[in-house]
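Features reported for this protein in TrEMBL:
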type: BINDING; residues: Ala17, Ala18, Ala19, Gly20, Thr21, Gly22, Lys23, Thr24; note: ATP binding site
type: DOMAIN; residues: 1-473; note: domain 'UvrD-like helicase ATP-binding'
type: DOMAIN; residues: 514-797; note: domain 'UvrD-like helicase C-terminal'
Amino acid sequence: MDIKLATAPSRNIVVQAAAGTGKTWLLTSRLVRLLLAGAAPGSILAITFTRKAAGEIHERVVRQLLGMAGADDATLAGMLEDIGVSPGAGDLERARSLYETLLCAEHELRAMTFHAFCQEVLRRFPLEAEVPPGFELVETTADLETDAWRALMRALTRHGDESPAAEMDLLLRQCGGTYNARAALQDFLHHRSDWWAYTEDAPDPAAFAATSLQKNLGLTPETDPLALLAEPRYHTELRRYGQLLGRHRIATHQERIERLTLALAPETTRDRAYTLLSEAFLTAEHKPRVLKRNKALSASVGERDLGELLQLHQSSAERLLAVREQLLRRTTLAVSRAWYVCGQRLLEHYQRLKAERNLLDFADLEWMTCRLLSRGRHAEWVQFKLDQRIDHLLVDEFQDTNPTQWRLLLPLLAEMAAGDAGRNRSVFLVGDEKQSIYRFRRADPLLFDVARGWLEENARAATMTQHISWRSSPAVIQLVNLVFDGGEDDGPVANAGDFRLRGFREHTTHRAEMWGLAEMLPLIAQAPPAPVETGGAPLRNSLERPRVIAEDERHRREGDLIAARIMELIGQPIAGERGVRPLDYGDAMILLRDRNHAHAYEAALRRAGVPYSGAGRATFLDCLEVRDLVHLLRALIAPHDNLALASALRAPIFSVPDSDLIRLAQAGGSPSWIERLTGIALADATEEPLARARRLLARWDALVDRIPVHDLVDRIYNEGDVASRYQSAAPPHLRSRIEANLKRFLELALDVDSGRYPSLMHFLSVLETMAQTDGDQAPAGDGRQRVRLLTIHGAKGLEAPVVFLADAARGAGERERGVRALIEWPVAEARPRHFHLVGKKATVDGASGEIIARLEMAAKNEEANLLYVALTRAKQVLYVSGCEPGRKQSRGWYGFVEERLRRAEAAGRLAGVRPGIRHIPAADGRGVFNTCISIEHGAR
């Protein structure tokens, strides 16, 4: 790629850059060149998707300008040449002054997230956007969603035309209960941005959506699917069919004739006739029953009439399938109409609650900014005002853009493309469709192609590609190429998913001489089935002996294998920024598809004494020391919560032994343990654990709801000597994490309501809400080197010298959902094309099935992207491990990678290529099976 052209301030550029090729460096280099060309810092807007990325962009720019400010002429000239500048007269002095220019600028350089940009626009134009001035941003909406649901339930009890009771009743019946109906409405709420776009400008959104769906399904109010079964001609055909079939007197045919006779009876209703005919001509899976030509049937019916019989059988089955399809479409329409009404009402309650509290959420930020810039009454004036401040627009990680964000950007791009050429304005987009892994956030990688085409057509943008990695060793790049390249014509992989990347281009690396290793660890085999007790075995006394349940230890053994490999690597030479250095724990990263088995890998690391930062959901709140504190606070406000008190007493805060807890449990008197504690502890020595607990609990209980929560927790820390007691009780490798968690808990008490109110109940409620959402990640502690255990989504944008892709032999494993929102928004259209509710697979109509197939294909492509992102996190060493799946189950990524490597070897694609593939026999045939594959390059 031509760096000089890519960073040229006067050119509009779109860059498609593969993983590890320096996208952030390229973007920051262009920012520096813009400043060097005289652009005011306040005229530059760089947008990305995370606060971390925005902070990194700003930090890199500042660091580079600071380095330029103190560099000598030769060094500075080299720095400028690296970013595509040929230093001329005055360039060196101008470069040295950029740091001061940035610090003294009236308006600072803006590197921010999409949401931060939207927030800035709405705060600047609150009246035009019709948002409350001084609004606050709410990041966690679980409480609001619960309150909105309760408001909807209250509305259902009111009589009159305004109540959606009839629609909710239909939704409850079709969804199978309250739980599923609420899940369906939660889906509606979570897709509110799509709903707003789908029903934009409609006076009655629910009615508009129902009319649109009816049209999409090809239905009319007059459509009566069962009318096809009442046609006289069809009845004649059925009677003729019964006559012909009756000649072959076997039991199944006679049963079919009986159903035909009942269906044709005058007193039989249409619904009943449809059921009887379906039983006669269709299977339970709604497939046509088979009626084949054979000698016995031909002899009974007669060769002349056999063809007519078979044709009548086929036509009847096809007619019934057509009726069923129409009935399914009518059901889809009816259920979706009820969903629209109830969902719209739920959304209105949700929006009202936010308005009453002066709040906006992230969906509000995006949609209201989009409306303000594109469709509002003041759109042109707002565009004009923003246009005065933005001369240069840069967007990082564009493949993560969703349709609303693209619609938001489009007016800005159009204004820049149509503006005064003398202003020297520019647009710079960088991204990589192969790294789009956020469909659950509505990201669509196809928007990258749409944006590229729009800029090429309207802004004369140049498109550039970059596939040379600055991150990975040749061994890692070799593996990536063998897995994803050259696979367009060699067919899918048996017993594994097809994760080929369409349009993949071969990668290379600048680190040509770096040693590297890419290895597939042997699969962990399933344990043999437990022996079944014979008839002579004694009966088990269920009161004394629990049932023995075989535990699946595959992930535990895989975790042990990974932990052992990490311990082998520690201290080995690894390439660092300043030469070769010994590898430390912080150089290793373990990647997981999801958190399902994270606890097994964390337990393995603990057993091996490997320090780590975990990937579990709500890690901070699940830590023992945090749970102990929560139990202590709960015991203070709930005297009858004996379990919470017992947990707090057993914790290091009090260190009450089990014998004392048993004594407390067996003590008579009050059912409340905290009241029993008073009587037991007074007779013992002052420093006996129960006596100490009694004294401290009484003191803290007197302060509940009298002082702010933060002050109470601070008193507990000091008077209970909490920090030192936990440090004494914890193993050495957990002490720094515990210290950080205790500090974080105290900070959290200050964060809630700014620590102003003495409401311990409210504080515990906030913690409970956090536990139900993603929660806080446990603090890393004192900066000690730790293995990072992350999901692949969490590792996006990160890298490590050593990466383990664990649990790779498991498929995506998404269970069939019940009712769910079905939304399709083609990238070339201004609003979604489809937005309705569907149920389980057996109840999905054909039109919805086609949409589901397209969406499943997009999800399958994202699975390939997810594998690509995981493999390209590694700098030098990459391991792929997994557990043997069950019978007839896909071996997922592991099976795909292994088979791709074997095919590459068999096809001779490795001939003359260094390195080659080495097959290593499994060391333990009982614990692992098959051979692992290793690719190694260079000398260590």
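Cβ from N, Cα, C; glycine included.
Everything TrEMBL records as a feature, shown here on the structure.
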residue	record	Cβ contacts under 8 Å, 6 or more apart
Ala17	ATP binding site	Lys23, Leu26, Val430, Gly431, Asp432, Thr465, Gln466
Ala18	ATP binding site	Asp432, Lys434, Gln466, His467, Ser469, Arg505, His507, Thr872
Ala19	ATP binding site	Asp432, Lys434, Gln435, Ser469, Arg471, Tyr868, Val869, Thr872, Arg873
Gly20	ATP binding site	Ser469, Trp470, Arg471, Ser472, Glu799, Thr872
Thr21	ATP binding site	Gln466, His467, Ile468, Ser469, Trp470, Arg471
Gly22	ATP binding site	Gln466, Trp470
Thr24	ATP binding site	Ala53, Glu56, Ile57, Arg60, Asp396
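Ala18 (ATP binding site) carries neither a helix nor a strand DSSP state and counts as coil. If you take every residue in the domain 'UvrD-like helicase C-terminal' (514-797) and average the pLDDT, you get 82. When other Cβ atoms within 10 Å of the Cβ of Lys23 (ATP binding site) are tallied across all protein chains shown, the result is 21.
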